[in-house]
Structures are given as C-alpha cells and as structure tokens.
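Notes follow once the structure below has been shown.
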Amino acid sequence: MTDNPLLSSASQIEDQDAALRPKTLAEFVGQAGAKDNLQVFIESAKQRREAMDHVLFFGPPGLGKTTLAQIIARELGVNFRATSGPVIAKAGDLAALLTNLEHGDVLFIDEIHRLNPVVEEVLYPAMEDRALDLIIGEGPSARSVRIDLPPFTLIGATTRQGLLQTPLRDRFGIPVRLQFYSVEELERVVARGASLMGIGIDKGGATEIARRSRGTPRVAGRLLRRVRDFAQVAGAEKITQSIADNALTRLEVDKIGLDLQDRRYLTMIADIYKGGPVGVETLAAGLSEPRDTIEEVIEPYLIQLGMIARTARGRCLNDRGWQHLGLAPPSGQMPGLFGPDE
C-alpha cells in the first residue's frame with residue numbers, strides 16, 4: 001500500500017462509473033432548469049401517490065439522461081428497469097417487460113428512437129391507457145386480448161428526437177432537453193469526481209480538464225481518469241494545471257476539447273472540399289465512420305462552437321472553423337457566408 005493520495009485500492013477502482021454517478025437531484029450538477037422542474041414533478045407524484053407522468057430526455061450523448069432516469073426512480077422510491085430500443089426486437093419482448101412491472105415502477109428505454117415500429121404500436125396503449133393489446137393466435141381463430149397494466153412511468157432517452165414518430169413523442173407528458181455544460185459546471189463535475197476517486201486536484205487542474213471536456217460530463221470523467229494515470233506515474237500528489245495540460249496534449253485533446261477525429265473532420269472539409277458544402281455520407285466514407293457517429297458524436301459540439309453549419313446542400317465550414325485550423329477561407333468564399341444562422 002502506498003501513501004500517494006492518487007492511488008486507489010481495488011475496491012475504489014471497481015465500478016468507478018457507477019460510483020461517480022450522483023444519486024440524488026441535489027448531487028446532480030448542471031441542467032438547473034430541468035432539475036428544478038423534475039423536482040416539482042417528482043414531489044407532485046409522491047403527494048398524489050400516483051405514478052409520475054412519462055418523461056422523454058433528449059440531447060447530445062453523455063449529458064446525464066441515464067443518470068437522471070435512475071435518480072427519478074430513486075427519489076420516487078420505486079424499482080428501476082432499464083433496456084434499450086434495439087434490444088426490444090418483437091412486441092412480445094416489450095410485453096414481457098411491461099407485465100413484470102410493479103405499481104409505480106420506472107421503465108427506462110435508451111435509444112428509444114431505434115424502437116421497431118411494430119413495438120411502438122404496442123407501446124401506445126400501454127402509455128396512454130395502462131393496457132396491453134395483444135393478438136393471440138393466427139388466421140380466423142386470432143383474437144385480441146387486453147391486459148391491464150399497473151401504473152408505471154416510461155422514461156425514454158434519445159439523441160435524435162426528430163426520428164421519433166409523432167404519436168410516440170406526443171405521449172410523453174414531460175419532454176426534457178438537456179444542454180451542453182458550461183466550463184464552471186464541468187469544474188464542479190471534475191472536482192466532485194476527483195474527490196470520490198480519492199484524487200488530489202487544484203482549481204487550475206479542474207479548470208483545464210473542464211475546458212477540454214466538450215461540454216459533456218461523461219467526457220470530463222473519462223479525461224479525469226486518464227489525467228490521473230499520468231499524474232500517478234509521474235509521482236504527483238495532486239493534479240495541477242500543468243499536469244493536466246501535459247496529459248491532455250499527449251492524448252491529442254486540444255485547448256477547446258477537439259480530438260484527432262474532430263480535426264480530421266474539419267481538415268477534410270477545408271482541404272478537400274474547400275470549406276463545403278459536402279454531404280454527410282461523403283464525410284462518413286472519408287473518415288471511415290458510420291453516419292450516426294458523424295451526426296451524434298462529432299458534429300453536435302462543432303455546431304455548438306459555431307465551427308460548422310448543417311445546410312440543405314451539406315456541411316460547411318464557418319469562420320471559426322477556419323480560424324481554429326489556422327487557415328484562411330478560399331478567396332471565392334465570403335467571410336461568414338456559412339455562418340451559424342444559415
């Protein structure tokens with residue numbers, strides 16, 4: 001055993017992701033407006049002794065959708081059941097989940113936009129009427145059977161709200177958009193994570209990690225662990241700004257959080273397509289990445305920074321994108337032509 005405060009015992013290392021998750025709304029950092037509203041809805045449901053209305057969390061990945069769903073179940077004092085859209089292949093799979101719920105339980109479906117349309121049809125009466133309509137048998141002998149369900153709360157999570165069918169989206173009484181975090185909020189996330197992991201960190205170190213975390217708590221937690229590795233091997237007693245800067249530079253994460261893949265994306269538009277427009281399928285092929293990765297992982301933060309624009313003709317590099325690459329737009333392109341308002 002070592003006295004180095006950066007070292008953790010085996011029990012501390014085990015399941016660090018779960019250990020770092022906040023357990024209550026009071027512990028949850030950021031999303032102040034959404035959090036305050038959820039507190040009201042939870043208290044109202046508890047006072048009425050009813051199941052809370054169905055909730056839809058939407059926004060970029062890594063902002064706390066799953067964590068908030070777990071917190072809702074915990075604060076309601078009910079069971080938490082979790083699954084994901086692609087896993088529920090058949091209507092029977094969903095029926096098995098729903099019929100095993102107890103009064104007030106929370107059923108969490110991640111990537112709910114990827115539900116099979118046939119499964120969605122079964123979900124509609126379950127959400128609205130607390131009932132399950134099933135067809136038993138085939139052909140002339142087939143008959144419809146309605147099974148009553150206990151009151152429950154469905155919580156859906158999606159990074160692609162626009163892909164949800166309107167009838168499904170409209171059945172969620174509590175839609176909640178999650179926003180990217182500010183640097184100050186991420187500093188608190190990093191400081192809290194370091195404390196829970198038994199890592200010493202000063203304000204400069206927390207700020208450096210926060211600035212490069214893409215506005216996303218999940219990224220902040222991942223970078224914190226990697227910086228801890230560098231600090232530990234260097235024999236440092238705590239993470240400072242210089243240690244964090246050195247570690248993140250070696251990990252090829254730049255000053256505003258862009259990684260190698262982000263820079264490849266920007267460089268491809270700038271060098272090969274002269275700033276765009278260029279189609280997303282072309283970019284996906286050039287980067288050897290699926291379209292979903294481009295649209296859900298790479299682009300949201302670049303759009304948030306004002307570096308690219310999604311237009312009807314394709315992706316275009318904005319002035320800030322050119323500036324970040326240290327390049328000037330082609331002479332034929334007017335400054336600001338593809339600005340954020342396009």
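Each residue, glycine too, has its Cβ placed from N, Cα and C.
Swiss-Prot annotates Leu20, Arg21, Gly62, Lys65, Thr66, Thr67, Arg171, Tyr181 as ATP-binding residues; of Arg130, Arg218, Arg222, Arg225, the candidate listed for that same site is Arg218. Looking only at the binding-site residues Arg218, Arg315, the densest Cβ neighbourhood within 10 Å occurs at Arg315. A Cβ within 8 Å of the Cβ centre of Arg291, Arg310, Arg315, the residues given for DNA, is found for these other residues of the same chain: Gly279, Val280, Leu283, Ile294, Glu295, Glu299, Gly314. The sparsest Cβ neighbourhood within 10 Å, among the listed binding-site residues (Arg171, Arg291, Arg310), is found at Arg291.
Distance noted between the C-alpha atoms of Leu20 (ATP binding site) and Arg291 (DNA binding site) is 31 Å.
Mean pLDDT for the region 'Small ATPAse domain (RuvB-S)' (182-252) in the predicted structure: 94. Across the annotated binding residues for ATP (Leu20, Arg21, Gly62, Lys65, Thr66, Thr67, Arg171, Tyr181, Arg218), the two most widely spaced Cα atoms sit 32 Å apart. Taking Cβ-Cβ distances under 8 Å and a sequence separation of 6 or more, the neighbours of Thr66 (ATP binding site) in its chain are Ala82, Phe108, Asp110, Ala157.
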